[in-house]
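Report on one structure; see the data block that follows.
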């Protein structure tokens with residue numbers, strides 16, 4: 001049985017939002033807690049990667065006290081972008097798992113159905129990544145642990161763009177049509193960057209969580 005860990009990137013500075021995105025509440029829970037809850041439907045363990053000394057760590061940790069198998073890792077390469085965070089988690093997880101499913105702490109529209117679609121369709125390629133209208137989504141993607149050495153080589157050579165990893169190894173592309181089988185509006189690929197995004201996410205999540213208005 002394949003072992004898939006979940007990786008949540010929470011190391012961004014949230015400049016456009018003006019406050020930590022991980023702490024933003026949606027439907028009564030911090031967005032990070034919501035993402036972890038969704039990832040837990042198909043991934044274990046869950047690793048949250050963030051910069052050291054974040055003031056919200058203790059608050060979130062308290063809210064996650066009931067979630068077993070959630071671990072924190074301090075970004076080994078702070079300020080170097082999401083690829084450093086992905087590598088931090090993968091280094092910490094080896095050799096416990098076969099692959100990691102990566103997402104951001106600001107993706108509240110992830111669902112168990114989408115997570116299952118990304119994991120269950122994996123045929124063993126180094127990368128399994130959504131692509132929609134030519135745009136790659138490397139922060140809603142699966143990476144094989146066997147790809148870690150090449151990822152590290154690319155990083156050490158100066159590469160910082162996760163989307164370029166798909167050019168460095170075998171890749172399974174996940175089409176919009178595949179995702180739309182379980183997420184018709186491709187909500188899972190949206191992230192929250194601004195206050196307007198946040199207000200919209202509250203409305204959309206309310207509709208998704210309570211489709212009948214209950």
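Using the three backbone atoms N, Cα and C, a Cβ is placed for every residue, glycine included.
All TrEMBL annotations are machine predictions without curation.
Residues annotated as domain 'MobA-like NTP transferase' in TrEMBL: 6-165. For 9, 10, 11, 21, 106, the entry in TrEMBL reads GTP binding site. The annotation Mg(2+) binding site is assigned in TrEMBL to 106.
Locations of recorded TrEMBL features on the structure.
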residue	record	CB count, 10 Å
9	GTP binding site	27
10	GTP binding site	26
11	GTP binding site	26
21	GTP binding site	25
106	GTP binding site	25
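As a whole-number mean, the pLDDT of the domain 'MobA-like NTP transferase' (6-165) in this prediction is 90.
According to DSSP, residue 10 (GTP binding site) is assigned to coil rather than to any helix or strand. Secondary structure at residue 21 (GTP binding site), as computed by DSSP, is helix. The maximal spread of the GTP binding site, taken as the longest Cα to Cα distance among 9, 10, 11, 21, 106, is 11 Å.
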